[in-house]
Amino acid sequence: MSEQDKVFIFDTTLRDGEQSPGATMSHAEKLEIAGLLDEMGVDIIEAGFPIASEGDFAAVKAISEQAKTSVICGLARANLKDIDRCWEAVKHAKQPRIHTFIGTSPLHRAIPDLTMDEMADRIHETVTHARNLCDNVQWSPMDATRTEEDYLCRTVEIAIKAGATTINIPDTVGYTAPRESAALIQMLLERVPGADEIIFATHCHNDLGMATANSLAAVEAGARQVECTINGLGERAGNTALEEVVMALKVRNDIMPYRTGIDSTKLMNISRRVASVSGFAVQFNKAIVGKNAFAHESGIHQDGMLKNAETFEIMRPADVGLSETNIVMGKHSGRAALRSKLAELGFDLGDNQLKDVFVRFKALADQKKEVYDEDLIALMQTGDAEEDHIKLTALKVSCGMGLEKSAEMTLEIDGVAKSVSATGDGPVDAAFNAVKSLFPHTARLQLYQVAAVTEGTDAQATVSVRLEEDGKIATGQSADVDTVVASVKAYVNALNRLVVRREKAGGDKAEVSYKDVS
Ligand code: KIV
Ligand code: ZN
């Protein structure tokens with residue numbers, strides 16, 4: 001295969017993905033995810049939107065400094081201040097990129113109230129400015145799929161002439177269908193002078209469930225960069241899922257002869273980490289990375305699988321990094337066994353981290369006879385982060401038929417231990433009331449969901465909690481063999497994320513809105 005067949009993978013989990021309501025990640029989490037993306041072979045990482053807040057700026061800068069091989073990109077609206085701020089953050093990368101955009105469709109043009117000519121001038125000015133700062137400039141006509149073709153060609157030509165090296169064609173509202181997605185790229189390649197000298201990218205949202213199909217159709221028509229996120233994280237119904245694109249190109253290389261530089265055996269691990277840090281659990285039947293993606297329930301399927309795995313599997317679990325061995329851990333398992341088991345599951349731990357996880361593993365093994373892979377994954381996805389403001393340190397609940405439901409709790413809030421006793425309609429309600437009394441807040445509980453990690457009455461419960469405060473959403477997750485403990489930890493986890501969001505909003509330098517281009 002030649003260079004022509006290489007499809008660049010542009011991951012925007014940390015920018016477009018993080019924009020999904022409730023998916024806020026901490027600085028340390030963003031750095032960790034960026035490191036995993038880099039290691040997996042992602043070509044370009046969109047690390048954030050530097051003008052959006054001090055926190056975003058700091059994250060993009062730190063990711064730029066740590067990146068080994070990936071190009072690091074920051075987003076900027078079509079104004080000089082945004083672009084300068086973006087450059088200040090990405091210039092520390094070995095390979096920086098500025099990504100600037102403006103909404104070109106009639107609906108989007110109406111918001112800044114620019115005429116077609118005024119917008120064309122703005123594109124020329126901003127792309128030229130970006131290119132004077134950085135050799136690697138990406139330009140996006142937002143809502144391209146609802147932009148008049150003639151105007152789209154005109155703006156793309158201006159951006160190319162001004163120095164853009166990648167032109168991204170976003171289906172911002174997930175409106176397009178695969179045939180149209182392909183036709184649009186083909187049309188641009190045929191009509192725009194200079195189109196053969198730049199890379200066309202495809203950026204699809206999943207509102208109609210066609211994002212991955214639309215991205216692949218664009219590739220077949222000539223796009224050579226796919227923009228995507230881990231687990232398809234993103235606004236509304238999300239974005240094209242990175243794992244789907246990578247595995248579709250790998251498994252169906254016979255009809256789509258393109259290659260990516262992604263090490264697919266790292267997919268499962270990064271999917272789990274993103275689910276954990278974003279608080280967005282992966283649906284069980286999600287392609288490639290869902291819990292059931294390689295599970296076989298029906299007798300016919302199980303029988304076929306035992307005779308020949310290819311009867312019902314088009315890829316091997318190991319191809320995406322799923323372990324095939326099934327060594328069950330227990331309370332007699334030692335540190336070395338835990339380290340090797342976790343490495344097999346994709347978690348490479350340093351000595352200090354292992355020490356902490358080992359203590360929690362022993363506590364779990366004391367409560368559960370057998371600790372399955374799923375239990376270990378849940379264990380890795382929970383636990384206090386050093387930067388957490390609120391930590392649960394003690395909890396005792398009392399409940400039963402005809403009895404008052406109460407909770408005695410101690411929380412450590414910014415290092416200070418505080419205790420209270422509270423009552424409620426049930427043990428979880430009482431415990432949540434205790435949290436509210438120790439850490440008063442106005443956030444509303446939007447979702448409370450409990451699921452068992454494995455089978456059996458000694459199974460760990462994973463709990464998801466979603467809170468809303470002044471339009472800001474934060475989700476939290478936790479797992480424990482005690483459902484009430486898991487519930488409180490998930491609630492506290494969501495509160496910690498909300499605190500981060502509050503800090504982020506407070507630190508904003510600019511009132512960021514996609515409508516505001518100037
Ligand atoms: O969906 C979109 O249009 C975007 C742009 C900022 C590229 O995310
Ligand atoms: Zn987008």
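All positions are counted from 1 along the displayed chain.
Each residue, glycine too, has its Cβ placed from N, Cα and C.
Because TrEMBL annotations are produced automatically, they should be read as predictions rather than curated entries.
Under the heading domain 'Pyruvate carboxyltransferase', TrEMBL lists 7-268. Mean predicted confidence for the domain 'Pyruvate carboxyltransferase' (7-268): the pLDDT average there is 97.
For D16, H203, H205, N239, the entry in TrEMBL reads Mn(2+) binding site. Look at N239 (Mn(2+) binding site): DSSP puts it in a strand. In the structure as shown, the Cβ atom of N239 (Mn(2+) binding site) sits within 10 Å of 32 other Cβ atoms.
TrEMBL lists 391-518 with the feature region 'Regulatory domain'.
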Among H203, H205 [binding-site residues], residue with fewest other Cβ within 10 Å: H205
Shell of the Mn(2+) site beyond D16, H203, H205, N239, same chain only (C-beta within 8 angstroms of their C-beta centre): T12, P170, D171, T172, C204, N206, A211, E227, C228, T229, G234, E235, G238, T240
Assigned conformation of H203 (Mn(2+) binding site) - DSSP reduced to three states: strand
